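Swiss-Prot lists 211-492 with the feature domain 'FERM', giving sequence analysis as the kind of evidence. As annotated by Swiss-Prot, phosphoserine applies to Ser14, Ser96, Ser105, Ser122, Ser189, Ser192, Ser630, Ser655, Ser658 (among others), with the evidence given as similarity to another entry. Per Swiss-Prot, the feature phosphotyrosine maps to Tyr223; the stated evidence is similarity to another entry. The phosphothreonine annotation in Swiss-Prot covers Thr682, Thr805 (among others). The region 'Spectrin--actin-binding' annotation in Swiss-Prot covers 615-659. Positions annotated as region 'C-terminal (CTD)' by Swiss-Prot: 660-810.
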Amino acid sequence: MTTEKSLVAEAENSQHQQQKEEGEGVTNSGQQETQLEELSQEAAEGDNHCEQKLKTSNGDTPTHEDLTKNKERTSENRGLSRLFSSFLKRPKSQVSEEEGKDVESAKEKCEGGQKEIEFGTSLDEEIILKAPIAAPEPELKTDPSLDLHSLSSAETQPAQEEHREDPDFETKEGGGLEECSKIEVKEESPESKAERELKASQKSIRRHRNMHCKVSLLDDTVYECVVEKHAKGQDLLKRVCEHLNLLEEDYFGLAIWDNGASKTWLDSAKEIKKQVRGVPWNFTFNVKFYPPDPAQLTEDITRYYLCLQLRQDIVSGRLPCSFATLALLGSYTIQSELGDYDPELHGAEYVSDFKLAPNQTKELEEKVMELHKSYRSMTPAQADLEFLENAKKLSMYGVDLHKAKDLEGVDIILGVCSSGLLVYKDKLRINRFPWPKVLKISYKRSSFFIKIRPGEQEQYESTIGFKLPSYRAAKKLWKVCVEHHTFFRLTSTDTLPKSKFLALGSKFRYSGRTQAQTRQASALIDRPAPHFERTASKRASRSLDGAAAVDSDRSPRPTSAPAIAQSQDAEGTVPGAPVKKTVVSKAQKETVKDEEKKEEGPPDQAEPEPTEVWKDLDKSQEEIKKHHASISELKKNFMESVPEPRPSEWDKRLSTHSPFRTLNINGQLPTGEGPPLVKTQTVTISDTANSVKSEIPTKDVPIVHTETKTITYEAAQTDDSNGDLDPGVLLTAQTITSETTSSTTTTQITKTVKGGISETRIEKRIVITGDADIDHDQVLVQAIKEAKEQHPDMSVTKVVVHQETEISEE
C-alpha cells in the first residue's frame with residue numbers, strides 16, 4: 001500500500017520539482033538498478049546456498065535437473081532486473097525500504113522450515129502485484145565459500161549468526177553428521193561381509209578343488225586317490241605307477257569305459273575334467289601298447305602286469321586261442337602263481353580256482369594239470385616269460401578292435417596293432433596295411449581314410465575309406481592309429497610348430513615317449529629287482545634280474561614250451577622217433593636233415609633230446625612218451641585256423657632220393673629201413689656256384705632204372721648262411737593244391753618274422769606226369785611268367801627243375 005500511495009504522491013507533485021529531480025533521478029537510477037540486481041542475485045544465491053547445505057548434509061549429489069535449473073535461475077535473475085527498472089524513478093527512501101525488505105527476505109530464505117514457506121507465500125503476493133515471477137527451483141550444489149565472495153562482510157555475518165542461533169539448522173547439521181557416521185559404519189560392514197563371503201567362497205573352492213578317483217588295477221584291486229580338479233591325465237597315471245612300483249610306465253594307460261563295451265584312452269596331456277563325464281571318476285589301468293618282444297622288457301614286474309592283461313584278454317574273449325594254446329598258457333599261469341606241483345599242498349581240483357578260459361571245461365583243467373606237473377624248478381619270472389613268448393605269437397595279440405563298415409556297407413572290424421592296420425571280416429583277417437605302406441590317415445565326420453603308398457607297378461596313391469558308427473568313433477580310431485604309429489615307428493615324438501595364423505586340422509599328437517625312448521630309459525634302470533606279491537596266490541617273486549642271463553648248460557624253456565611253434569612233420573611221426581625231416585628255410589632252400597645233422601646243429605634249432613632233459617627226473621619211459629605226445633599235439637594245434645600242409649608225391653621222393661642229402665653226408669648213403677635203392681644220376685647247375693657236380697653212382701639193384709636231374713636257378717644272397725641258421729618265427733602257413741589229369745600244382749604260402757621284419761614267401765610246385773616228351777624249358781618259362789603275373793609285387797628267388805626219367809634195360 002505504501003508503494004501505491006507513493007506513486008500517487010509523485011503524480012501530484014509539480015512538474016518543476018520533477019525536472020529538478022530528473023538529473024538526480026538519472027544519476028541515482030543507475031545506482032539503484034545495480035543495487036537491485038545485486039539484491040536479486042544475493043537472494044537467489046542465498047536460496048541456492050541453503051539448498052546446497054541441505055543437500056550436502058543429506059549426502060546427495062548434483063543431478064542433471066540441478067544443472068538445468070541453474071540456467072533457468074540466471075534467466076530469472078535477468079527478468080527481476082528488468083522488473084525493478086520501473087522503480088528507478090522512485091525516491092531514495094522508498095527504494096531503501098524495499099531494499100531492506102529484499103535483504104530480509106533473502107535472509108529468511110536461508111532459514112529452514114515453516115518460516116521459509118510463509119515468506120514464500122508473502123513474497124508471491126507481492127510479486128503478483130508487481131509482475132508474474134516464476135518460483136525459484138533448487139540448483140546444482142556449489143561450494144558456499146566460493147559463493148560468499150559477492151557479499152559484503154556486513155551482509156554475511158548476520159546470516160552466519162542467525163544460522164548458528166537457529167536450532168533447526170543445528171539439528172539438521174547434526175542429523176547430517178549422524179547420517180555420515182552411519183554411512184561410514186555401513187561402509188565398513190559391507191567390507192567385512194565381502195571378506196567373509198570371500199573366505200567362504202575360498203573354503204568352498206578348496207572343498208571342491210580335489211576330486212576322488214577310483215582306478216581298477218589288473219590284479220582286480222581298486223586304487224583310490226584324490227587329485228586336483230585341474231590335474232592332467234599324466235599326473236594320475238604317474239601316481240598309479242608309483243603305487244604299483246612300475247618304472248616302464250609308457251606301455252600302460254588309463255581307460256574310460258563307455259557303457260561297459262567301448263573304451264577311450266585318457267589323454268595324458270589334457271585335463272581329466274575335460275575328458276570325463278560326470279562326477280565319479282572311474283578308470284581302469286590297462287596295457288596300451290603291447291610290446292612285440294616282451295623279452296626286451298627290463299623288469300619282471302612289467303612282464304607280470306603284461307601277463308595279467310593277457311589273461312584278462314583271454315578270459316574276455318578278446319584274444320581267441322585254441323584248446324592246446326589255452327592249456328599251455330594256463331599251465332604257465334598256474335606255475336607262475338603256485339610254483340611247482342606238490343601233491344601234499346595241491347588238491348585234485350586246484351586248477352578250478354583259476355579262471356583260465358571264457359568257457360573253462362573239465363577237460364581243459366585236466367590238460368593244464370598234466371602240463372603243470374611236468375614243470376620242475378621254474379621260477380615265476382620264467383613262467384611269465386614263457387607265457388609271453390607263446391602269447392605274442394597269437395594272431396590277435398595286442399590288436400585294438402573297432403567296429404566299422406566298408407564302402408559297400410558290409411560289417412567289418414578294424415584292428416590297430418604295433419605292425420599296422422588290420423581288417424577282419426567274419427573273424428578272419430582279409431587285409432593288412434603295415435605302417436610303412438601307410439602314407440596318411442585321416443577322418444571326416446564318421447568316415448575314416450587311409451592313403452596307401454603306391455607299389456612297384458602303380459603310379460598313384462590309393463585311398464581306402466571306411467564308415468564308422470559315429471564321429472566320435474572315427475576320431476577315436478584316428479587317435480589310436482596316431483599313437484600306435486608314433487610309439488612303434490618313430491624315434492621321438494613330433495611337436496607342432498607354433499603358427500601365428502589359424503591352423504586347420506587337429507592338433508592332437510602323442511605326447512608320451514616312444515618305444516625307442518622307453519628302451520633307452522629302461523636300460524638306465526639300476527635299482528635291484530623289485531619284490532612284489534602275486535595277488536592270486538600271495539606268492540613272492542623270485543626275480544631273474546630281467547631274465548636275460550640264463551645258464552648255457554640249461555635251457556630256460558621247459559620241454560613243453562617250444563622255442564618256435566612249428567607244424568607237425570609231413571610224415572606224421574612223433575618227434576621223439578628217428579625221422580627224416582624236411583625243413584623249408586627262410587631262403588626257400590629245400591634241405592633234408594636226418595638225426596646225424598640234427599645232433600651236429602646248434603641247440604637252439606635242434607629239438608631238446610628227451611634223455612638229456614629228463615635224466616634227473618626219475619620218470620618211466622611211458623611217461624616220457626606220453627609227455628612228448630602232448631608236445632606234438634601242442635605243436636600240431638598251435639597255429640589255429642591254419643590248414644596242415646599236405647605232402648605231395650614229389651616231397652616223398654625228395655625225402656628219400658634228394659641229391660642235397662647225399663652231398664651233405666659226403667657221398668655215403670646211410671643204411672636203414674626203407675625201399676630198395678635205385679640207380680640215380682644227378683646233374684646240378686647253379687648260377688651262384690657256377691660249378692657242375694660230379695656223378696654219384698650208387699649200388700646197382702635189379703628193380704627199376706631211373707635218371708634224376710635237378711637244375712637249380714638261385715638269386716645271389718649275401719646273408720644266405722645266416723638265413724639258414726635263423727629261420728625266424730613262423731606266423732602263418734597255407735597250402736593250396738590243384739590237380740589235373742597230367743599235372744599237380746601245390747602252392748605253399750608262409751609268413752615268417754625275423755628281427756621285426758615280416759616276410760611272405762610263396763613256393764609253387766608243379767609235378768607233370770606223362771609218357772610223352774615234355775619241353776622243360778617251355779614249362780619253366782611258363783611257370784615263371786605265371787608266378788610274376790599272379791604276384792607282381794614279389795620277386796623270384798629260386799627255381800628248381802627236378803626231372804626223373806626211367807632208363808630202359810641194356
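Cβ coordinates come from backbone N, Cα and C, glycine included.
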Ser192 (phosphoserine): tally of other CB atoms within 10 A of its CB: 9
The residue listed as 'phosphotyrosine', number of other Cβ atoms within 10 Å: 15
Distance [Cα-Cα, Å, rounded] between Tyr223 (phosphotyrosine) and Ser192 (phosphoserine): 44
Ser192 (phosphoserine): secondary structure state under DSSP, collapsed to three categories: helix
Assigned conformation of the residue listed as 'phosphotyrosine' - DSSP reduced to three states: strand
